[in-house]
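Encoded as structure tokens, the structure appears first; notes follow it.
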Amino acid sequence: MKVVDKIKSVTEQGQTAFSFEFFPPKTEDGVENLFERMDRLVSYGPTFCDITWGAGGSTADLTLEIASRMQNVICVETMMHLTCTNMPIEKIDHALETIRSNGIQNVLALRGDPPHGQDKFVQVEGGFACALDLVNHIRSKYGDYFGITVAGYPEAHPDVIEADGLATPESYQSDLAYLKKKVDAGADLIVTQLFYDTDIFLKFVNDCRQIGINCPIVPGIMPISNYKGFLRMAGFCKTKIPAELTAALEPIKDNDEAVKAYGIHFATEMCKKILAHGITSLHLYTLNVDKSAIGILMNLGLIDESKISRSLPWRRPANVFRTKEDVRPIFWANRPKSYISRTKGWNDFPHGRWGDSHSAAYSTLSDYQFARPKGRDKKLQQEWVVPLKSIEDVQEKFKELCIGNLKSSPWSELDGLQPETKIINEQLGKINSNGFLTINSQPSVNAAKSDSPAIGWGGPGGYVYQKAYLEFFCSKDKLDTLVEKSKAFPSITYMAVNKSENWVSNTGESDVNAVTWGVFPAKEVIQPTIVDPASFKVWKDEAFEIWSRSWANLYPEDDPSRKLLEEVKNSYYLVSLVDNNYINGDIFSVFA
């Protein structure tokens with residue numbers, strides 16, 4: 001979806017749109033750390049995020065890779081910067097074709113900074129001289145597919161700012177006229193260069209309107225987190241620093257925490273003034289850190305850490321090809337990135353109902369599904385690599401996870417448990433102690449308000465429902481006992497399969513069971529989570545392989561603990577259990 005349309009949708013609901021900018025880190029570890037920060041920031045619901053291109057086009061390939069993961073794995077509407085620096089038309093078109101094929105629809109068109117080692121911008125042979133040329137090219141070749149954003153400079157472009165820190169009136173007006181040419185050529189959004197004097201920004205907006213620039217103008221807000229970094233960035237951009245800001249920072253310039261706290265306060269006051277003058281969007285330059293951006297938005301009342309809203313129980317895709325997707329199997333609830341990877345080859349995605357046409361189309365397992373950031377790998381090492389002398393030791397690790405003592409799980413990409421798990425974590429702890437090793441669960445919910453903490457989704461005004469669900473590993477003996485007991489509970493349905501594909505079930509192999517649904521005003525019933533036997537058979541290969549790839553392999557090859565985990569993998573069953581009585585059922589009764 002185009003960013004300008006998303007901003008319009010948000011502001012028409014009387015809300016303030018906000019967004020975040022990131023840049024490509026220099027190291028592989030830095031990239032993985034960035035994705036973890038992105039995940040946290042995206043949970044607050046930004047309208048979009050953007051990723052920079054890098055000075056002189058130096059990070060082109062990495063920017064393309066990060067942009068694709070942002071759109072398709074982090075699931076946030078992504079805008080990619082694209083510059084003219086060192087970019088002949090062939091490379092520009094390659095970049096545009098790449099992001100289009102990855103479902104990205106938004107570009108920030110820039111001239112770019114001079115190449116490394118040069119003071120002035122130099123047009124590369126076969127390339128463009130300015131952002132206007134780039135806008136014209138994108139519109140000419142790609143029509144209306146891309147949303148095009150351009151940069152606005154409240155104090156004029158740094159190239160025309162004089163030694164005294166000011167642009168001449170003629171240079172300023174010329175800069176405005178050039179901005180209008182970019183908009184007239186097809187740009188539909190303006191994001192500004194950083195500034196610290198809000199009066200300058202407000203004058204800039206008014207001046208734009210006076211000459212017929214009517215598209216949204218989004219202020220770029222750069223939080224101050226480090227004094228030297230602040231001076232360096234302001235100097236590079238030739239940004240005016242108000243006297244009161246200098247006076248406030250000078251006494252605390254050597255105290256980074258004090259500078260950061262004041263930076264949050266100052267940016268908050270800037271934003272309050274901007275919003276009070278009718279501006280409805282904010283763009284935060286994060287510098288790849290999250291605390292200042294979160295602090296500003298919390299001060300403004302735009303986010304509340306205790307009330308993070310969800311449009312669905314899982315993060316809605318941003319890829320233009322998946323925007324209508326609203327149904328998924330519950331099995332990947334804790335591994336959404338793996339699910340996206342295994343379904344990226346689909347031409348159509350379930351909308352409204354699951355149907356039975358997709359089960360055979362999952363991609364095969366690859367190393368990607370088991371790759372982990374080093375930070376998460378370290379956490380698993382710390383929490384899960386202990387001597388395992390018996391199955392009781394294995395059960396104890398699962399119990400610790402369920403009662404909240406562990407923050408990682410080999411079977412989850414998430415940090416800690418889902419918030420709703422706290423409702424049933426005591427019961428989960430008991431059944432894990434008894435040999436039912438849970439990896440996925442949800443409590444029953446009957447007509448809870450859709451904005452309820454922990455279990456709500458879909459926004460206010462609706463009601464949500466859930467059937468209780470448990471997914472666990474257990475021995476054949478325990479499965480046999482469970483099957484026998486379940487005969488006294490007609491509302492319970494189950495499926496079980498082992499690594500050798502021995503199948504036990506009391507449901508039909510084509511029976512799809514909706515286990516989460518919501519009812520909202522003037523809408524059809526939404527059922528975003530289902531249990532599907534065909535998908536369960538696909539998931540079981542991944543679930544069993546995790547015993548080896550994500551846990552046993554953390555031990556030395558000849559370690560007895562590793563041998564025990566492999567024995568569990570090869571002998572246990574994976575079980576999916578649903579209590580279809582969501583009104584007064586008790587899924588844990590069958591374990592009594």
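Heads up, the Cβ atoms here are built off N, Cα and C, so glycines get one too.
As given in Swiss-Prot:
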type     : residues                                                                                            : note
BINDING  : Glu21, Phe22, Phe23, Pro24, Pro25, Lys26, Thr52, Trp53                                              : NAD(+) binding site
ACT_SITE : Glu21                                                                                               : active site, proton donor/acceptor
BINDING  : Thr52, Trp53, His81, Arg111, Gly112, Asp113, Tyr153, His157, Pro158, Asp159, Val160, Asp175, Lys182 : FAD binding site
BINDING  : Asp113, Gln193, Tyr285                                                                              : substrate binding site
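Cα separation, Lys182 (FAD binding site) to Pro25 (NAD(+) binding site), rounded: 30 Å.
Pro24 (NAD(+) binding site) sits 23 Å from Tyr153 (FAD binding site), taking the CA atoms of both as reference points. Taking a C-beta cut-off of under 8 Å and a sequence gap of six or more, Lys26 (NAD(+) binding site) has no contacts in its own chain. A straight line from the CA of Glu21 (NAD(+) binding site) to the CA of Gln193 (substrate binding site) spans 12 Å. Those residues noted as binding substrate (Asp113, Gln193, Tyr285) have their most widely separated CA atoms at a distance of 18 Å. All protein chains shown were included, and the count of other CB atoms within 10 Å of the CB of Phe22 (NAD(+) binding site) stands at 23. Closest in space to Trp53 (NAD(+) binding site), of the binding-site residues given as Tyr153, Val160, Tyr285, is Tyr285, taking the CA atom of each residue. Calculated from their C-alpha atoms, the gap between Pro158 (FAD binding site) and Gln193 (substrate binding site) amounts to 10 Å. Across the structure, Phe23 (NAD(+) binding site) and Tyr153 (FAD binding site) place their CA atoms 20 angstrom apart.
For Pro25 (NAD(+) binding site), the count of additional Cβ atoms within 10 Å of its Cβ stands at 17 [all protein chains shown].
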